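Visitor: Supplied in structure tokens, the structure appears directly below.
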Amino acid sequence: MAEVLVHIEGATGSAPSARALIAFAARLGDPVAVVTVPGALPAGVAETLAAAGAARVVVSETPDAGSLLVTPAVDALEAALAASGSVAAIVAADSAEGREVAARLAVRSGLPYFGDVVGAEVEGPAVAVTKSVLGGSYMVRFIADLAPILAVRPGVDSPSGRHCPVVVENIEVGASVVERTEILASEPPEGDETRPELAAADVVVSGGRGIGSRDQFVLVEQLADAFGAAVGASRAAVDAGFCDPQLQVGQTGATVAPKLYLALGISGATQHQAGMLGAQTIVAINRDEDAPIFDIADFGVVGDIFDVVPRLLEELSRARS
């Protein structure tokens, strides 16, 4: 069976997104996890990836892996692609890193690249790829005659129960462009480490322009903390300065696929829907009964969020006491 190379973000492979990517790759062939690390592979990583279904774990050890550039990961995938006898596809997460890695590899290899992928299957010698277009308004199916490079949206597959024996191989890569690059400055985004990571959270509470101000955005944070949830926002809320840009959910922000998504004061523009349509259950609170968010919500409350949310917080507190 042909192999499917899987780009693993980070060095642990324990994230649900990594396990789900391996499950997605198994649709098309034997998953091969490709990991780039600055030193030796941390203990237990290969076992974790094999338990998720990786037939092999290919490791590229380079000090450049600790840099802020994705080039070392592209180098590793390019080397793994050249070393493999038969590759059906290459997959990465549809995240900021995954999209950049996939696009760079496509330029180097000349293979077709697809982002916003929601499905793929083998059709004879080709691969049929389904992707979201126009902000999630349509799903379009393509036939790739060459091995496609896919940036797969969260929530497309759940981690599988497939377990494989642990097989680890080291791979050598050539000189990286990192050696010719000088990083003048970097500033990590501020974040609240007490809350779950937005892209991987089981529950997300997002606020929109209806929140009204940065001071009132605390209501979104209070409800998120009551649920043990991540905080998100619409582009309108970010552009208005209500919250930090890294909280943005949507076509130009994070793509999330939680079990529960609560939208507070969000109208539901197509751009925002593109980032959260993978949610299992959507609850919307908005005083505009004609807001597009209600077209996709499983449960909706037409009302003022400043009346509804405090009462919801009271009920949650009462239920827990």
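Glycine is treated like the rest: Cβ placed from N, Cα and C.
Pulled from TrEMBL, these are the listed features:
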BINDING   Arg209, 234-235, 248-252, 265-272, Asn286, 304-305  FAD binding site
DOMAIN    4-187  domain 'Electron transfer flavoprotein alpha/beta-subunit N-terminal'
Visitor: Hey, of the binding-site residues listed (Arg209, His272), which one tops the CB count within 10 A?
Guide: His272
Visitor: Which is it, of Ala269, Ile305: the one of these binding-site residues whose Cβ has the most other Cβ atoms within 10 Å?
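Guide: Max Cβ neighbours within 10 Å, all protein chains included: Ile305.
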Visitor: Averaged over the whole of the domain 'Electron transfer flavoprotein alpha/beta-subunit N-terminal' (4-187), what is the pLDDT?
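Guide: Across the domain 'Electron transfer flavoprotein alpha/beta-subunit N-terminal' (4-187), the average pLDDT comes out at 87.
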Visitor: Which state, by DSSP, holds Ile305 (FAD binding site): helix, strand or coil?
Guide: helix
Visitor: Cβ-Cβ under 8 Å from Gln251 (FAD binding site), same chain, 6 or more residues apart: which ones?
Guide: Gly135, Gly136, Thr270, Gln271, His272, Ala274, Gly275
Visitor: Under DSSP, is Gln251 (FAD binding site) part of a helix or a strand, or is it coil?
Guide: coil
Visitor: Return the residues near Ile266 (FAD binding site), defined as same-chain residues 6+ apart in sequence whose C-beta is under 8 angstroms from its C-beta, sorted by sequence, else 'none'.
Guide: Ser206, Gly207, Gly208, Arg209, Gly210, Ser234, Ala237, His272, Ala284, Asn286, Ala291, Ile293
Visitor: What are the sequence-distant neighbours of Gln248 (FAD binding site), meaning same chain, six or more residues apart, C-beta distance under 8 angstroms?
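Guide: Looking at Cβ-Cβ distances below 8 Å from Gln248 (FAD binding site), excluding near sequence neighbours, one finds Gly232, Ala233, Ser234, Arg235, Val238, Ala254.
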